[in-house]
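The cyanocob(III)alamin binding site annotation in TrEMBL covers T52, S53, Y54, Y55, Q56, D96, N145, Q190, L315, W337. Taken from TrEMBL, the feature disulfide bond applies to C65-C107.
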Amino acid sequence: EDSPHTGRLALYLLGLQATCPPVSAHRSLVTWLKYYLEEDWRGEAERGHPVTSYYQYGLGVLALCVHRKRVRDQVVQRLLTAQRHGRLGHGGNTVDTEAVLALAFTCLEQRRLVGSELAAKLRLAAHEASRNMAKAQGPDGVIGNIYSTPWALQVFLATGECQTEPAFGQAMAALLENLDAFGTAATMAQVLPVLHGHSYLDIASRHCGEEPDTLTPLDMEPLPEVPGNKTVQLVVECPLPWCYDLRLYDRLVPVPAAASLLDVLQAAAALDPREFRFHTQDTPQGPFLTQVLGLEARQEKRNYWQILSAPDTPLQMGIAEYRPPDGATLTLRLSEW
């Protein structure tokens, strides 16, 4: 059985609202999103978390709020409880998840879609999330990673703390230095509002009467060719509880100098399809690694293929965008989230 499409539909509805559609265009989709929020929880209620993730669940609540639709207090309370008890993820970067929840909380409170008692709790939770954003900022100004930084900046903007929080200016400077990392439609959609001083909450209060038609094609310049070749060390690890042998693959892979990580994987498979094989899934953020050596990362098992550059640094870019340097060692590790 397929998981509910909570996050995908939520993002679609946020984008649809931003285009100033007629009301009738999305009424049935909003109803579907309400249904997905219930289905998303029902499948895993005994475990106390959504089938998809708190990130997707929070996006669903945010999208309904932007469309000025009420959600049951119990649905909101699930997000509050998750934040309070630190259930947003198993280690690693949870900035984007906490930021999405903070935006949903701020929207519900500001649009007065909840009672005064719950609104006070949401206000406190959003400010706590904002403090956590500031604590998560690295010395380079990035909050979490470069892709979660726009989410954190949206929280500062939505809560009005962009004027007083020093982390805001530092994170914005880091974002401007790394704009080339935002090369897909989905990542651009996260960063563009911030560059114009807005958050997704502002979609609900847009004036659509005199909106010009600005949807014109964008001519993308091809990436410059880089001459020569390079060699990348490709390692596959599968620790307990999924495998007994930690290291399943370890080989030097020769590729052209401009090759992306996806190109490296394809080259490894071409060297010996019996020794190395992989599968990807297309997402709005680009291809996502789902299976390596026949081992599939599955949402219901709450695991994923983590990509690390030596010695133990998680990759912050998609496999089609990241271009490893010559001599780099890249590890694909089946990990829990």
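From the backbone N, Cα and C atoms, a Cβ is placed for every residue, glycine too.
Heads up, TrEMBL stuff is auto-annotated, nobody curated it.
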Alpha-carbon spacing, N145 (cyanocob(III)alamin binding site) to C65 (disulfide bond), which is rounded to whole Å: 27
Neighbour-count leader, CB within 10 A, recorded positions: Y54, C65: C65
Cβ-based isolation winner (fewest other Cβ atoms within 10 Å) among the binding-site residues T52, Q56, N145: N145
Fewest Cβ neighbours within 10 Å, where candidates are the recorded positions C107, L315: L315
Alpha-carbon spacing, C107 (disulfide bond) to Y54 (cyanocob(III)alamin binding site), which is rounded to whole Å: 17
Distance from C65 (disulfide bond) back to Y54 (cyanocob(III)alamin binding site), taken between C-alpha atoms, in Å: 16
